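Read through the structure below, which is laid out as structure tokens, and then see the notes.
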């Protein structure tokens, strides 16, 4: 009997590597790109649902950043937008190291030559000139080509008595082009002043993010300034300001809702309503139907 107490128990033997391989084999095969996570609420969203909802989170209403191509699709009448100066590209004016590689990488990623798309299109048959900045191209930074294209479309609008819409999305002036990028602020503002002298309408639509030299110039010069919800709008970064003034800023600081409260913008418009809202403004300002 005592002998039986000291007998070794019999255990089943498990091969961990065999078990692991079995688990891996049994994982469901989910195609990549089918789901995406909201950066605001961490909700997992079925990509098709996100696309059908104009790239707005179905849970918290966070507006995802979108490309100029998608913006054109949402705002303009089908097949009416005609892009202008598509082939313009930078030539690295100050020979900044690795700049060409970064430009080439952005061109490959986005399929665009630069960080802004300019052209003319129609909203319910009302013709407008438009510039749409691309945050996916070097964070929409403003260099010589971005400045030139926006200036040209503003001048085109002035010559043809058209209203101008600018959808801003930018990290500011492009450091790789030095003083040449900063010059674009004054250049675009001067073109907009000539547009204003003719009594023509300029509408700015601030989208996430709108910062730096773009905010300090043409983004805040619109006759009417609109914004998408929860858009980051500012000049210097939050940490820079806090370190400078030695104070903690409010959580809502530099958000479009904060700017609306302080009177810096006129209205916050959800993406699903933007096309209709712009149409109403154009009608109220006497914009004529396309002929």
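Glycine is no exception: its Cβ is also placed from the backbone N, Cα and C atoms.
Remember, it's a predicted structure, so these values are computed and weren't measured experimentally.
Around residue 57 (Zn(2+) binding site), the same-chain residues at least 6 positions away in sequence with a Cβ under 8 Å from its Cβ are 38, 40, 41, 43, 45, 50, 63, 64. Secondary structure at residue 57 (Zn(2+) binding site), taken from DSSP and collapsed to helix, strand or coil, is coil. As annotated by Swiss-Prot, Zn(2+) binding site applies to 38, 41, 57, 60.
Residues or ranges marked as domain 'CoA carboxyltransferase N-terminal' by Swiss-Prot: 34-291.
With a cut-off of 8 Å between Cβ atoms, the residues of this chain six or more beyond the zinc finger (38-60) that come close are 66, 70, 74, 230, 270-272. Annotation source Swiss-Prot lists zinc finger at 38-60, citing sequence analysis.
Summarising model confidence by region, the zinc finger (38-60) averages a pLDDT of 94.
Of the chain residues outside the Zn(2+) site list 38, 41, 57, 60, 39, 40, 42, 43, 45, 58, 59, 61, 62 have their Cβ within 8 Å of the site's Cβ mean position. Residue 38 (Zn(2+) binding site): 18 other CB atoms within 10 A of its CB, across all protein chains.
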